[in-house]
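Over in Swiss-Prot, the protein carries these features:
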type     : residues : note
SIGNAL   : 1-23     : signal peptide
CARBOHYD : 24       : N-linked glycosylation site
ACT_SITE : 181      : active site, proton donor
ACT_SITE : 252      : active site, nucleophile
CARBOHYD : 253      : N-linked glycosylation site
CARBOHYD : 284      : N-linked glycosylation site
CARBOHYD : 302      : N-linked glycosylation site
CARBOHYD : 389      : N-linked glycosylation site
CARBOHYD : 429      : N-linked glycosylation site
CARBOHYD : 461      : N-linked glycosylation site
CARBOHYD : 521      : N-linked glycosylation site
CARBOHYD : 526      : N-linked glycosylation site
CARBOHYD : 570      : N-linked glycosylation site
CARBOHYD : 724      : N-linked glycosylation site
DOMAIN   : 729-815  : domain 'SUEL-type lectin'
CARBOHYD : 757      : N-linked glycosylation site
């Protein structure tokens, strides 16, 4: 062989090694097909921009351990192209690094390119400069929009291809999404909307990724794109694929819901999520994505209007990346049970059998020795049914999974997974006035502003999304000083009013009602008076038709002076975009030196004050959080990086702040002397109440009945599938407890085998109780990082109350 031939062979081998294993991804009416093999896939949404590169490996590893096969993420256009033609893929924006990290863990990727994503993200992910393109109308058959959408989509796909990230190149991306929930707005555009959908599908095909494309909430998604479902109950609400040759895909199964300021959080139980996933699988669903699996943090100004900084904290992995139990563990067991059924589910015929008015059996299998069944009870009451000559007690509103059509391996209403208690502990108090310095914004006068208009300007058009804040000022003559009333009709989100430099009041809207009327009494000078209004946005809109037409800000300004009304809509107004502290970047070390700071003084006479202090990083590896419970409204920075907006003073209807703790990723921190800067808009904020906290799981609890199935054994080395899953139907259910890494069970706080009252949140000994409960559990668990206790009378020395369904409830402390 010649030297040239050796070189050629070497290059070919290197190309194969670099590319990895090329996969052929297709689909039929049952599921996605990867290299000729049908797959049931569980996916979890983890957004690279809502965490940090340092967190990615742990998040992905925990997702894999929880039975996730696919990591799903949006691609954020406004993050990657904040200015037209200027691209940024650095730091937490490094999507290539994120996808490669997913591949390193042996998982697939679903890439949701959008480019409109909604996602409670500023402007739905669209860059604001797009708003300024002449003649543009978003998300319809509009040439300027289509031009930029195509240019962006091609750029992202080209980037993915250049890194060999599609499965057709040996990469992990097996599925892509174009557009997002267009069915929610399509009617507003009528025929142009239908044309846009067809054009979008054609664009996706032309991008030639070698993997299938989906459109969610788009019932008429053109071939070959697959229409997919979003929502909490797709097993009940999804009409199904629009072609018999397309699989049933659930792109967003909401594990909780995003929270807005002033609204209570929506808590969704592990049992409810599992029920609807199992029901979707029973009805031939084959791909389920949890939105979110890890929500993370809306750092900076990335949250959309009125959305809090913490995002989907109730997901299986919480905001800090800690396991949210029992949600994480219960879904892991569900995934394992379904994987036990994968072969008959995908290769067998489905038969539906009525077991009662609200009870149904879905049976899968071609052969007698290859059979799986899913028993569904839609009733709110327990039901006993007969199936294949055996009796089954079905819990209320539950689904039972029978991998062999005989034995129950999993029931959605019976939780074997432990419950966790998350605790925040103050590590450093910033309570000394000597620790703080302050700098107060000055209220600009008309003559100090650089933008002039003879009418009221719209907020977003003026700020161009460079700041949440817009000053609008004017001056007028008053012949005599007199009590007067200022009336401002405002389209949100908040407004602070000043007359002659004095603060006279504030008002704000809500997520559901942006518009409000600020009406404040004031005293005017005899002669010239200066009126200054600070319009404040709390995130850009992110959904609905015609985003490019949205307006925010003052719509009318009036002053009643006791005799007549002055109208200011067509007065000369001066405008200033942003605050002085923003202009000088006072939240950075260099910018901080550009203004004159003063020693903190306990004065609440003026809002719009910047505070700065320094703190040392808490020891250990527990997540770090900033407790802002003593503050009002504003934004916080650590070492120049924004950890997000806060609005502690906006309480829910139950009287609670929407959010108190704000995540500081450890990668933002230095060992010592971290710069903390707070912008406080309101007068009531007190920085002396701020603490630096750590977050950890300090208590674990298990509550398992002797009627529960034994947990599915799932050795998680190469992924969940039938080959590496085993199940022993003769084994007893058990309580399993595990402390976080580095901690052990130090104390048993409660233990009762029998009929304990309550649950892990609130409990007491019931009428039936084994006196050996505490001793048995202490022997099995104390000084161990993990333990298990069989829920069986023999474990506790006998049955003191026969013919009674018993359970074991254990609560333990981790130290």
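Cβ coordinates come from backbone N, Cα and C, glycine included.
For residue 24 (N-linked glycosylation site), the nearest neighbour among the recorded positions 181, 252, 429, 570, 757, judged by Cα separation, is 252.
Secondary structure from DSSP puts residue 389 (N-linked glycosylation site) in coil. Here the C-alpha separation of residue 521 (N-linked glycosylation site) and residue 429 (N-linked glycosylation site) works out to 39 Å. With the fewest other Cβ atoms inside 10 Å of its Cβ, the least crowded of the active-site residues 181, 252 in this structure is 181. For the residue listed as 'active site, proton donor' paired with residue 284 (N-linked glycosylation site), the C-alpha to C-alpha distance reads 22 Å. In sequence order, no residues are near residue 389 (N-linked glycosylation site), counting only same-chain partners six or more apart with C-beta under 8 A. Taking a C-beta cut-off of under 8 angstroms and a sequence separation of 6 or more, residue 526 (N-linked glycosylation site) has the following same-chain neighbours: 478, 479, 480, 481. When the glycosylation sites 284, 429 are compared by the number of other CB atoms within 10 angstroms of each CB, 429 has the fewest. Fewest Cβ neighbours within 10 Å among the glycosylation sites 24, 302: that distinction goes to 24. Counting only the Cα atoms, the space from residue 461 (N-linked glycosylation site) to residue 302 (N-linked glycosylation site) is about 18 angstrom.
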